[in-house]
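According to Swiss-Prot, the protein has these features:
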BINDING   Arg66, Thr67, Arg116, His144, Gln147, Gly272, Pro273  carbamoyl phosphate binding site
BINDING   Lys94, Arg177, Arg231  L-aspartate binding site
Amino acid sequence: MTSAPKSSFVLGHRHLLGIEGLSAADITGLLDLAGEYVELNRQVDKKRSVLRGRTQVNLFFEASTRTQSSFEIAGKRLGADVMNMSVSSSSMRKGETLMDTAVTLNAMHPDILVVRHHASGAVELLARKVDGSVVNAGDGAHEHPTQALLDALTIRRNKGRLEGLLIAICGDVLHSRVARSNIILLNLMGARVRVVGPSTLLPPGIERMGVEVAHDMREGLDGADIVMMLRLQRERMSGSFVPSSSEYFQFFGLDQKKLSYAKPDALVMHPGPMNRGVEIDSIVADGAQSLVREQVEMGVAVRMAVLEALARNLPNA
């Protein structure tokens with residue numbers, strides 16, 4: 001086992017349900033702790049014992065590969081007993097309600113529940129029924145706090161700061177919990193945020209969240225330090241939000257020409273999974289300015305930091 005992190009940060013919240021409600025100090029503390037875990041994860045011995053004897057349940061009502069795997073790796077590296085539970089193998093398929101599931105799981109005394117659900121607000125409702133700590137791994141189009149934190153860590157490590165940077169968030173903002181969490185975090189940390197996309201994919205009144213709005217990529221990427229592309233979420237669309245994937249790419253997909261509208265040293269991000277040829281082309285996604293793979297690495301470190309920060313609030317911690 002490796003030595004404990006130098007950071008003594010304790011999150012002043014029992015759960016992590018969203019970025020909303022966190023302070024700038026909370027975010028800085030989590031990012032600092034996560035930075036220590038980045039270095040740990042690059043060593044041969046990646047294990048710590050901070051969650052030894054604790055049970056972590058990953059409860060995913062929506063399919064996930066990278067987020068669920070990231071939380072599983074994070075928990076195991078911290079020494080937790082990790083159980084993965086998907087809706088396809090659960091009693092929810094047999095008619096059990098979300099609250100029944102929460103009460104049933106609570107009777108098994110898990111210490112930490114990591115929950116993803118297709119309905120906005122569902123994770124908060126579940127958190128009211130359990131005694132352990134709950135981490136929101138994405139709820140509908142509401143929030144995805146650990147994604148915003150890992151994005152912030154990625155930006156900070158590459159640009160040295162968040163304050164004063166211009167972040168262009170491009171694409172399907174309307175259906176994106178990633179966009180919402182990032183907007184809240186980046187505003188809180190002093191960055192400028194500009195959302196870019198067709199009017200059909202931008203929430204009405206989004207200016208009230210303190211962002212700039214652009215409806216074409218040339219204007220939207222002008223002066224951008226970071227270009228954050230979003231997946232076109234057709235599974236959440238009930239109508240014709242865009243004419244076709246090819247036409248969408250023509251106007252809003254990121255290629256080398258559109259990337260040239262941003263600053264010369266601009267960096268590219270994407271929360272994944274990527275639809276290559278729809279919101280981003282392979283040359284940019286795999287190019288020298290892309291941080292996509294680094295985001296995945298930062299995700300494990302951030303989730304380790306979140307789990308440890310919450311564990312420090314658990315009884316007998």
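Yeah, the Cβs are placed from backbone N, Cα and C, and that goes for glycine too.
Same-chain neighbours of the carbamoyl phosphate site beyond Arg66, Thr67, Arg116, His144, Gln147, Gly272, Pro273, judged by a C-beta within 8 angstroms of the site's C-beta center, are, in sequence order, Ser64, Ser70, Ala137, Gly138, Val178, Pro271.
Sparsest Cβ environment among the binding-site residues Thr67, Gln147 (other Cβ atoms counted within 10 Å): Thr67. Within 10 Å of the C-beta of Gly272 (carbamoyl phosphate binding site) we count 17 further C-beta atoms, all protein chains included. A gap of 12 Å separates the Cα atoms of Arg116 (carbamoyl phosphate binding site) and Arg177 (L-aspartate binding site).
Counting only same-chain residues at least 6 apart in sequence, those with a Cβ under 8 Å from the Cβ of His144 (carbamoyl phosphate binding site) are Asn136, Ala137, Gly138, Arg177, Val178, Arg180, Ser181, Pro271.
Proximity to Arg231 (L-aspartate binding site), defined by a C-alpha to C-alpha distance within 10 angstroms, is shown by the following binding-site residues from Arg66, Thr67, Gln147, Gly272, Pro273: Gly272, Pro273.
In sequence order, Gly272, Pro273, Val296, Gly299 constitute the residues six or more apart from Arg66 (carbamoyl phosphate binding site) in its chain with CB-CB distances below 8 Å. For Arg116 (carbamoyl phosphate binding site), the Cβ neighbour count at a 10 Å cut-off comes to 26, with all displayed protein chains included.
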